[in-house]
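Undergrad: Mind having a look at this structure? Questions to follow.
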Amino acid sequence: QFFVFCHGLLQLSQLLVSGYLKSSISTIERRYGLSSQTSGLLASFNEVGNTLLIVFISYFGSRVHRPRFIGCGAILVSLAGFLMSLPHFITGPYEYDQSVASMFSNTTDLCQPGVPGSRGNLSDAGCTPRAARENHEVLLVMFIAQALLGIGGVPIQPFGISYIDDFASERNSPLYLGILFSVTVIGPGVAFMLGSAMLRFYVDIDKVTGDEVQLTNKDPRWVGAWWLGFLVAASLVALSAVPYFFFPREMPKEFPLFLSDFPLVLLRNLRHPVYLLVVLAQVNLSAMVAGLATFMGKFLERQFSLTASLANMIIGAVNIPGAMVGIVVGGAILKKFQMSLRQCSAMCVLGMFLCLLVAFPLLFLGCPTQKVAGVTYSKSSEFGEHALECNLQCNCPEKAYNPICGSNAVEYISPCSAGCRAVNITADNSVLNYSNCSCISENGLMGFAKPGTCGTGCSHLFLPFVVLSCLAGILASTSHTPSFMLILRSIQPEDKSFAVGIQFMLLRVLAWMPGPVLYGSAIDTTCILWEKKCDRKAACRYYDNNLFRQR
């Protein structure tokens, strides 16, 4: 029982490390200028190390000191967690364009007609070879950390489960495994809640004092303390690893397993039609879940103008518990009605069909991107010709990004692009508003603008979206247990653990690895304004929200 407790704790903290990355992905994109394709590849890269080893490890499972192997794996996972936070400590403070001169920038991005056109701004200053090299180092460190995370995670689940199954009584084993299984489902939920908590702090909380930070967490330039969660999670993993070095090896009699049987068993399972079809169905579902888990937060942030922190809170407190409810309900129905294999498959089909029905309206629940001058919307149609020249004499720095919302409900990429010549500051040095803006005209007078984005005006659709997506998740996950039963009952008993190993390998290679990359690439195709760093595309500033939602 102590082993079950330790293993539950270890699995939870291991999932915290891998799940936490997904909750902070949109923040890391913004901080290091990554496209969603790159961040999707990063999020699924831990599966690479994992896949290479998982089949062999589960094949040799009975010949090694399992607890010690689990402990070593956990140490690797912990190391990977600490490595993930390293980029924060090797790079300088986060820099962003702003209008108020401060220790980060002495440029202001207001309209200054007298100044020549080559005005420097931050995005350009960050283009030294050193900065470019720094960015490569950051990516390299993170990809290595993800690979380590995958390799370290290999022994944890298969060895833990087989160890418990070997030494628990027949009667208690299902209970123990059920406890562990529910932990693996809760894990990501806890990770998203951890993300929600950490992203409320400013990224450089350790490098600057509070009053020097002029962003609020609602600002589109806000970057939360993404690295903090990795330190928390990695420390937890390290703690959970300790007891494993003291568990006994104790083994029942070994049964001979030879590598020469490997291809035979593999073919026997892959030729089994029920096994193959069910695994392929699970692959399709898992690819969708993997992509959603990675980018759902980003989707909510963009579609409904939420903060990263709130988006994580919703996913961790609503969507993931919903999926848990579905899994439990599916298992309970199975148990109550003692279903045959044919009824199991019918139940899977029904769950999926209902899920599709409920999810279909989600295609339409959302709004177009807000009007952004010069990006989604050109004003010449409204004000005649002079509107386009309204900021020509300002010599705006091309790449400045400091969005403001005009009193005409149009968003501008920076105060300069709106032709604003004055900024009004509150006592604590934060921006109150911008005025004398030549591009924002209201009844013939010059308008003003507030700092921050205008938002999508979609908040009324947020609740129905959450309700429907949660329902769809519950319905889809009712098929989880019956689909597992289809696999376990349709193959030869002695192939069971191996068949589950192959199943997980196929899920990794065909679903969890490509899923986030495909989603990220699809999301990238809907970008309408890229941030440029050193003449290469960095993170996306604005998406076409309708396309983002549909794709």
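Just so you know, glycine gets a Cβ as well, placed from its N, Cα and C.
TrEMBL does not curate its annotations; it predicts them automatically.
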Undergrad: Name the residue range among 41-62, 481-502, 525-546 that TrEMBL annotates as transmembrane segment.
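TA: Of 41-62, 481-502, 525-546, TrEMBL gives transmembrane segment for 41-62.
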Undergrad: What is the three-state DSSP composition of the domain 'Kazal-like' (384-438), stated as helix, strand and coil residue counts?
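TA: DSSP classes over the domain 'Kazal-like' (384-438) add up to 13 helix, 19 strand, 23 coil.
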Undergrad: Top stretch among 138-163, 175-203, 346-366 for CB pairs under 8 A with the transmembrane segment (313-334)?
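TA: Most Cβ pairs under 8 Å with the transmembrane segment (313-334) come from 175-203.
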Undergrad: Across the domain 'Kazal-like' (384-438), what does the pLDDT come to on average, as a whole number?
TA: 79
